[in-house]
Every structure is written in C-alpha cells, then in structure tokens.
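Beneath this line is the structure, given in structure tokens, with notes to follow.
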Amino acid sequence: MLIVLSLGGSILAKNLDSDRFLKYANVLRDISKKHTLLVITGGGEAARNYIGAARAMGADEVTCDYIGIDITRLNARLLIAALGPDGYPEIPTNYLEASKAINSGKVVVMGGVTPGQTTDAVAAILAEYLRADLLTIATSIDGVYSSDPNCDPSAVKYDKISPEKLINIVMAIEMKAGSKSPVDPVAAKIIERCKLDALVMDARDPSLLGEILGEEVAKKSPVSCGTWITARK
C-alpha cells in the first residue's frame with residue numbers, strides 16, 4: 001500500500017524532544033517494511049510561536065505562512081536525521097519532487113508546500129496526486145466527533161463516516177467560535193472530491209501508529225484511537 005501520513009507537529013516535536021523523534025522514526029521504519037510511506041510533518045508549537053512573533057512585528061499573512069512552512073521543514077529535517085539511512089535525504093518542496101522520491105524505496109519526509117495550506121491539506125492533495133491507498137492524519141485527537149469534544153461534553157465519536165458527513169461536521173465545527181475541527185476544511189474537501197480512504201487517529205503514542213498502520217490498516221476495522229473515513233459501504 002501507498003500511505004501518505006500527516007504527522008502533527010504538536011505530537012512529533014513536543015518540547016523538541018529528540019527521543020520522540022527517534023521513537024517515531026523507529027515506528028515509521030517498521031511501517032515502511034510493509035508499505036510505501038510518505039510523511040508530511042507539521043510545525044507544532046514552534047511554528048505557532050514564530051508566526052506569533054512575526055505577526056507582533058506587523059508581518060503580512062503570506063510571510064507568516066512561509067515562516068510556518070520553514071518550521072515544518074525543520075521538523076522534517078530532524079525526522080530524516082532520526083531515520084538515518086532509511087530516510088530519503090532530501091526534503092521534497094513540491095508534489096512532483098515527492099512523486100519521484102517515493103521510487104527511492106526510503107521513507108520520504110517533507111513539510112509544507114504552499115502559503116495558505118495546512119500540512120493536513122498538503123497531505124490530502126499529495127494523496128490525491130499520488131493516488132495513495134490511504135491518507136492518515138496523526139494528531140492528538142482520537143478521531144472525528146459529532147462536534148468539538150473540548151466544547152461539547154455530549155459529542156459522539158464515530159468509528160467510521162463518509163467523506164460527505166465529514167464535510168458537514170467540519171464546516172459546522174469551524175463555524176463555532178473557539179471550536180477546532182479534527183480535519184482541516186481543505187483536506188476534508190479533497191478527501192470528499194476524490195473519495196479518498198482516510199484515517200484520523202490519536203498518535204501521541206508512536207507505538208499506536210505502528211500497530212494500526214502496520215497490521216490493521218488493510219482491515220478497516222474499528223480502532224479505539226481513531227475514525228475511518230471512507231466512501232465504501
């Protein structure tokens with residue numbers, strides 16, 4: 001299988017802990033023995049801090065976006081270092097470069113690409129471009145809920161939903177002040193338009209990522225730490 005993984009910076013680069021990078025690298029190395037794997041790293045807290053500083057100095061939003069992209073690529077560079085010889089040595093800066101890099105047989109790692117797009121959106125577009133078998137959004141949330149569980153204690157978690165239902169949930173959450181959607185709206189639209197199979201999962205524990213993508217990914221069976229998004233009945 002070809003898997004595109006959006007690995008949130010908030011879980012990968014938390015406290016810039018080198019041991020975390022090494023743990024994720026070990027898991028990704030194992031997954032790559034069974035699947036072709038391309039990873040997009042997020043910026044996390046470091047990106048938010050740098051962007052906040054830039055805004056405080058009056059920087060425009062495009063400049064802030066480029067700063068965020070730079071931070072995602074720094075996280076990608078650290079993950080490549082953790083992967084050692086199993087990681088593709090260069091960071092693709094566009095979708096064409098990424099499509100060529102996957103032929104290397106190594107774990108390909110990249111960051112953001114275009115201002116105005118989150119790394120979730122980049123991952124979804126890349127998954128569509130490469131006709132990936134699965135898009136995985138690895139985050140700190142254990143799946144998709146009927147509403148933001150941080151704001152609504154009655155929110156219900158889904159084991160599996162359709163892309164169309166995902167769009168409805170995401171747009172409803174995004175409309176509410178203070179609420180945060182588990183999937184970027186652009187990424188959700190990409191998933192819908194190309195009927196892409198996707199998994200949103202809590203990957204704060206790297207071993208969970210290995211268990212799900214290493215063994216259960218082909219079964220599409222319910223997972224306690226995530227939600228499958230599929231157009232299949």
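Even glycines carry a Cβ here, placed using N, Cα and C.
If you check Swiss-Prot, you get these features:
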- GLY9, SER10, GLY44, ARG48, THR139, TYR145, ASP148: ATP binding site (BINDING)
- GLY43, ASP65, VAL113, THR114, PRO115, GLY116, GLN117, THR118, THR119: UMP binding site (BINDING)
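Looking only at the binding-site residues SER10, GLN117, THR119, THR139, the densest Cβ neighbourhood within 10 Å occurs at THR119.
Using CA atoms as reference points, the binding-site residues VAL113, PRO115, GLN117, THR119 were checked against GLY44 (ATP binding site), and the closest is THR119. Over all protein chains present, the Cβ of GLY9 (ATP binding site) has 23 other Cβ atoms lying within 10 Å. Spatial neighbours are here defined as Cα atoms within 10 angstroms of one another, and by that definition the neighbours of GLY9 (ATP binding site) among the binding-site residues GLY43, VAL113, PRO115, GLN117 are GLY43.
Each residue contributes its Cα atom, and for THR139 (ATP binding site) and THR119 (UMP binding site) those atoms are 12 Å apart. In the structure shown, the C-beta of GLY43 has more C-beta neighbours within 10 angstroms than that of any other entry among the binding-site residues GLY43, GLY44, PRO115. The Cα of GLY43 (UMP binding site) lies closest to that of SER10, out of the binding-site residues SER10, TYR145, ASP148.
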